[in-house]
Amino acid sequence: MAAPPAPAAEGSPQPEPHAPEPGPGSAKRGREDSRAGRLSFCTKVCYGIGGVPNQIASSATAFYLQLFLLDIAQIPAAQVSLVLFGGKVSGAAADPVAGFFINRSQRTGSGRLMPWVLGCTPFIALAYFFLWFLPPFTSLRGLWYMTFYCLFQALATFFQVPYTALTMLLTPCPRERDSATAYRMTVEMAGTLMGATVHGLIVSSAHRPHRCEATATPGPVTVSPNAVEQSYLVLFCTHASQLHDHVQGLVLTVLARLYCIAAAVVAVTYPVCISLLCLGVKERPDPSNPASGPGLSFLAGLGLTTRHPPYLKLVISFLFISAAVQVEQSYLVLFCTHASQLHDHVQGLVLTVLVSAVLSTPLWEWVLQHFGKKTSAFGIFAMVPFAILLAAVPTAPVAYVVAFVSGVSIAVSLLLPWSMLPDVVDDFQLQHRHGPGLETIFYSSYVFFTKLSGACALGISTLSLEFSGYKAGVCKQAEEVVVTLKVLIGAVPTCMILAGLCILMVGSTPKTPSQDASSRLSLRRRTSYSLA
């Protein structure tokens with residue numbers, strides 16, 4: 001009869017109850033898991049293409065929506081503030097709701113995330129088109145744009161939450177997840193560049209000085225086809241018809257038509273890109289068995305995630321940084337139009353921002369891998385001195401330098417949080433070894449808080465234009481408006497970026513887990529990201 005095992009000596013380390021003992025085949029299994037976790041080039045590109053439509057639409061609204069509402073729809077600045085604030089808040093409020101319903105949904109043959117992406121696509125395209133449509137009535141235009149902007153933001157959230165959470169289900173390998181994120185950001189910004197180019201080229205003539213000159217002194221003052229059409233429309237209404245009092249309205253209708261064409265082009269990208277996403281990417285559930293134990297409710301899971309210190313620090317820091325980026329984007333076109341003599345450079349400056357962002361994204365991915373994510377965060381600081389310089393010296397050469405540096409900073413500010421979030425999720429899972437996977441809650445609550453901060457920043461800043469005396473449709477604004485735009489383009493982003501970086505630099509940042517730790521974590525994680 002075998003002797004019973006000797007008791008362990010007092011103070012000796014006890015083996016982890018659920019960690020398997022390393023055996024001779026553990027290294028081989030690790031290599032097999034590593035190969036199994038690798039993603040093909042086609043998968044990464046198709047995954048990136050899936051996010052292109054939302055980024056194109058978001059870029060167009062970030063750069064041009066505020067100017068469209070003020071100068072084309074001619075809504076008072078106070079109502080524009082409500083539209084922007086309401087839309088952002090609706091998108092933010094939709095994030096936890098999206099997380100709740102997605103976690104409650106049943107898995108289908110195409111997965112649990114893909115049906116949400118597919119179902120939202122046609123409705124987002126329609127909401128985006130009507131966001132740029134000029135209704136025939138004038139008294140309720142504010143309500144019209146509030147409705148469709150809120151609808152667009154909410155639908156975009158129900159699209160974006162499952163799409164971004166899909167990163168955790170592509171592979172268990174952290175380096176491959178970071179690589180997929182870099183591919184996604186690069187492809188998205190490349191698509192944003194093409195979309196902004198098309199959108200900007202179509203609507204650029206609506207914001208050039210000839211519009212004011214044509215209205216004041218009719219005559220063909222430029223060789224642009226749209227400008228000639230506008231000029232002769234003014235001549236006809238003034239001298240060949242009884243439409244003297246309707247000149248401004250007819251010109252605005254022609255200009256609004258340009259925005260409708262641009263909106264239709266962007267809307268078409270939704271079905272095209274989502275088709276490529278579904279063809280090239282397959283949702284891969286966690287191959288392990290579900291962890292034992294009851295699942296958590298959504299509110300209980302939200303409470304756990306928001307009490308996790310690394311996640312809390314990440315969210316608070318990027319509350320300020322993302323709000324600064326949104327303010328910088330929103331007021332760049334307004335600043336060039338009303339606070340400087342850069343009317344003819346608006347399209348060039350927007351393209352410079354996007355081109356530099358696209359080109360610098362692979363470089364930032366290399367920096368992330370070789371120097372760490374906390375070190376890469378200092379790239380965001382580069383925007384600060386140049387934003388102040390643009391407000392002080394608003395000349396064309398300075399503006400292009402500022403646009404290039406801003407694009408570089410925007411690239412790292414977009415890439416960094418999505419690269420740090422998987423590490424935060426892994427850090428949480430390693431500390432809560434028997435808990436369910438809460439990836440969707442992490443992603444949805446992060447987007448909720450950043451959208452809420454952007455809503456507050458844009459709403460308050462646009463309201464400041466109303467207080468400074470901004471007049472819709474006026475070609476030359478008061479000096480108080482010019483000063484306000486300089487503060488919004490320089491001082492406001494500077495303060496928010498500095499605050500965000502200070503918070504991010506305090507304390508330690510979760511490390512990227514090793515492949516072995518990631519494999520053990522995958523075995524403990526519940527199937528996919530579901531909650532009971």
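Including glycine, each Cβ sits where the backbone N, Cα and C put it.
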Of 61-80, 441-460, the range TrEMBL labels transmembrane segment: 441-460
Proximity verdict for the transmembrane segment (258-282) and the transmembrane segment (346-364), three or more C-beta pairs under 8 Å: no
Contact check, the transmembrane segment (441-460) vs the transmembrane segment (346-364), 3+ Cβ pairs under 8 Å, seq sep 6+: no
Highest-contact recorded stretch vs the transmembrane segment (311-334), from 146-170, 346-364, 400-421, 481-506, CB pairs under 8 Å: 481-506
Interface check, the transmembrane segment (346-364) with the transmembrane segment (481-506), three or more C-beta pairs under 8 A: no
Remote residues contacting the transmembrane segment (400-421) - C-beta distance under 8 A, at least 6 residues beyond either end: 164, 167, 178, 181-182, 184-185, 189, 314, 318, 321-322, 325, 328-329, 332, 345, 348-350, 352-358, 360-361, 364-365, 368, 373, 376-377, 379-383, 386-387, 389-390, 442-443, 446, 509-510
